[in-house]
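**Q** Take a look at this one; I'll ask things after.
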Amino acid sequence: MQVLPPGSTGGPSRLFILRPVATTLLMAAILLAGIIGYRFLPVAALPEVDYPTIQVVTLYPGASPDVMTSAVTAPLERQFGQMSGLKQMSSQSSGGASVVTLQFQLTLPLDVAEQEVQAAINAATNLLPSDLPNPPIYSKVNPADPPIMTLAVTSNAMPMTQVEDMVETRVAQKISQVSGVGLVTLAGGQRPAVRVKLNAQAVAALGLTSETVRTAITGANVNSAKGSLDGPERAVTLSANDQMQSADEYRRLIIAYQNGAPVRLGDVATVEQGAENSWLGAWANQAPAIVMNVQRQPGANIIATADSIRQMLPQLTESLPKSVKVTVLSDRTTNIRASVRDTQFELMLAIALVVMIIYLFLRNIPATIIPGVAVPLSLIGTFAVMVFLDFSINNLTLMALTIATGFVVDDAIVVIENISRYIEKGEKPLAAALKGAGEIGFTIISLTFSLIAVLIPLLFMGDIVGRLFREFAVTLAVAILISAVVSLTLTPMMCARMLSQQSLRKQNRFSRACERMFDRVIASYGRGLAKVLNHPWLTLSVAFATLLLSVMLWIVIPKGFFPVQDNGIIQGTLQAPQSSSYASMAQRQRQVAERILQDPAVQSLTTFVGVDGANSTLNSTRLQINLKPLDARDDRVQQVISRLQTAVATIPGVALYLQPTQDLTIDTQVSRTQYQFSLQATTLDALSHWVPKLQNALQSLPQLSEVSSDWQDRGLAAWVNVDRDSASRLGISMADVDNALYNAFGQRLISTIYTQANQYRVVLEHNTASTPGLAALETIRLTSRDGGTVPLSAIARIEQRFAPLSINHLDQFPITTFSFNVPEGYSLDDAVQAILDTEKTLALPADITTQFQGSTLAFQAALGSTVWLIVAAVVAMYIVLGVLYESFIHPITILSTLPTAGVGALLALIIAGSELDIIAIIGIILLIGIVKKNAIMMIDFALAAEREQGMSPRDAIFQACLLRFRPILMTTLAALLGALPLMLSTGVGAELRRPLGIAMVGGLLVSQVLTLFTTPVIYLLFDRLSLYVKSRFPRHKEEA
């Protein structure tokens, strides 16, 4: 048994050093738990931080935006506004469609929100129009969230109406049942229907009206209960031929008698099988298609959901005819998986670089193996905790583990270096392990808890940004904590068994060359440090200048919210003049699609024209452009967008707005551009006065580009001004007028055909082919009191006016949203400030309010809390260090290193042309935890030298700096190399990772050079200050 020297108790590590088998088994258990946990971790792009969001869609074909607002949207809004936990309610009322989007507080479960929405819809039912074709339909989905998967269904042999019927009954329903799917929408609008196109002249010639025809059809097609007969022995169910299923049956329907002769529907109308809405269409790569957009529920796992759909697709497509082709046009999980793979590669590269730097410094294979074991053990063990906390493998958690690579190795390096130093002095390995581990134990605890303290403020960040980085902070904190445990248990135990004087002294030519190099570097550092200590005020001036420079750089650096990712999918809106018809929009989309598909980076394209729950107005076309994989194209997404907009710019009468899809979706409405600013008033008249003024002012700002608004009040409208007195004299009511107009021009759904698989509509309208435009109104006839027919022109005057194409509300009040992008050379912070200055210049009245929306609002909130976040991190670390050192002074000395990290990070971001965004700020906060390690290692040894060896403060700090120079350099380089793969990343999702790497590498480079000299000087300054205070207040000294 070895005789241990006095003081070599080993501290908390003693038990683990002396019991190697128990220590090994304990570490094996941590490793096994991590491996098992990894298999159960889901994969995602980012942590699940979606607001609980529900979309309520109500379709009322033929209704104007005014009618939709007053008759549908307003009653629903009044009921929704009473729900608890509602964060924001926005609505959009357009011709025939009302879409209300409800965003709830993050703390409210989605299922609870769903129950409240259903109850509110039920309460509003009696207030909605009685002839509403379908009740409001709600979906647990955020409309601004891009589809997780887009599929196109095409056929060269079958009409699109049959294709849609098959897709709706055989495919869409099954996909909707997949766990995690929130909504499956079919773009293209080709639901089968029987269309009845009345010949107005033929109807009038027979003395009939459209209302006569409608009544006849609705009475002839019914499907109601008829009862049953219950006899003494048998029961008989009653049924009848009350249903008409085909266009031929409707064509033969007798609608009236003239002079004893039957008038059949086919005599006055064209009856045919067609689509329910003839003003809807979708195309995939210019071919007519039914496009299925699959959106996930907020909070659902996107990878698991997409995998379930793909597993189901072969079975579903087998049930379709051979001529029907189903193509997956886009799958967001492809890029998510690629991004996660790239991040995993960078994690492995970081581990390899860190192990390499360890070997370079230690030049000993056994000594390199020890931290080489500690790093993967700490990282893998973290997976077990992540499973317990319901985390996922995503870009942020993998970034945390990549950064943790440099952190977790620090503890092991510090322990190994200290134990090796005693072995090289002649101590036995076991005694050296006990003594070295006991001596360094407090330093490891200080490093660990002070670093975790930096992360604590991240856990208390509010709103969606706080939720986003909670997984990052907790994952990193867990890895650091496990690393500390490993460094105080397994590392010293392995040192006691694997290190020896022979192994440490065994050197080859490379080792000796490295040793000579390190000796020269340390000697040079010692000479430089001696000069610096002799000129403290010059050094303090440099430290103070660094502080001022960090503040200046913070003010001038461009600031942003979240890096714009290249996910390979572009969402777009094609805008045309407000009076554009469906036919003209279909022609325009063909021209635009042709230009877009010619671009070498484009893989596929889907376009949609018409009004439904996804598209609000007829003069806009929705596009989704799917790009080739990143390694198969030369340009990033922003370059492709610029090229496409240039190509389309020469097409007259259209404006194309494009933006790349992002993994983080904060908006609740589909926007034309990345950022939004809203103008809200109590009335539409107030908005109409101020919107043009503000839009002109915003368009003149150089900090903004592609400025547009959703205010569209120049749509053509025909105002039917009825002479109520004349109408009353003829026995014609306003309801008669509305019904006649609705029958003629509203694609009115007048009856339902029920089948075993689905339900289909009978659509009534006038055949306006021979009388287009306003002339069609002259064909309208109404039934008077005496049974005769009266032309509409006899009781009404037709006026052409302008009317809004859509009416938007936010929390029940009218609102207009301005969309904008930020041009190259400016930051989002510049744009926000320019908008605020413009608002002040315009001097808006008190009843007009403005607000940033979506990601711009989140940016404002994040920017406002950033300074407080950093202050909170510093205060938290000061408190922890003060408790550990039982001193008010030493924590200040340690924290004095922070400005150097800030200067380095900000300079690196500016040089790299990167904005100070949320990711970069997280990097700066992490630097706070890393950089202070240097000071802790210096001060710990200086205090020990003063206390145990009686050295003067100057000699103690000088010796501590030289003794700890090598581990400081080693740990800093390890952290730097851990961040280097992130800084140099170029794969999918690199935009997200790069700012963190740039900030950390820049901060570490600058701080490493400066803190090695400024920390000793500041230590001595505060020591003299402490002596001065004690001399002026001797009572404190006596009490001490």
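Placement of Cβ uses the backbone N, Cα and C atoms for every residue, glycine included.
So Swiss-Prot says this about it:
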type: TRANSMEM; residues: 25-45; note: transmembrane segment
type: TRANSMEM; residues: 347-367; note: transmembrane segment
type: TRANSMEM; residues: 369-389; note: transmembrane segment
type: TRANSMEM; residues: 396-416; note: transmembrane segment
type: TRANSMEM; residues: 440-460; note: transmembrane segment
type: TRANSMEM; residues: 472-492; note: transmembrane segment
type: TRANSMEM; residues: 537-557; note: transmembrane segment
type: TRANSMEM; residues: 863-883; note: transmembrane segment
type: TRANSMEM; residues: 888-908; note: transmembrane segment
type: TRANSMEM; residues: 910-930; note: transmembrane segment
type: TRANSMEM; residues: 968-988; note: transmembrane segment
type: TRANSMEM; residues: 998-1018; note: transmembrane segment
**Q** Does the transmembrane segment (888-908) reach the transmembrane segment (537-557), going by 3 or more CB pairs under 8 Å (6 or more apart in sequence)?
**A** yes
**Q** Between the transmembrane segment (863-883) and the transmembrane segment (968-988), do 3 or more CB pairs sit under 8 angstroms, pairs being 6 or more residues apart?
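**A** The transmembrane segment (863-883) and the transmembrane segment (968-988): touching, no.
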**Q** Determine whether the transmembrane segment (863-883) and the transmembrane segment (347-367) share at least three Cβ pairs under 8 Å, counting only pairs 6 or more apart in sequence.
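**A** Counting Cβ pairs under 8 Å (6 or more apart in sequence), the transmembrane segment (863-883) does not reach the transmembrane segment (347-367), since there are fewer than 3.
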**Q** Under 8 Å for C-beta pairs, could you tell me which stretch among 440-460, 472-492, 910-930, 998-1018 has the largest tally with the transmembrane segment (369-389)?
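**A** Stretch with maximum Cβ contacts: 472-492.
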**Q** In the same chain, who gets a Cβ under 8 Å from the transmembrane segment (347-367) while lying at least 6 residues past its ends?
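**A** Sequence-distant neighbours of the transmembrane segment (347-367): 375-376, 379, 398, 401-402, 405-406, 409, 413, 416, 420, 498-499, 503-504, 506-507, 510-511, 514-515, 518, 966, 969-970, 973-974, 977-981.
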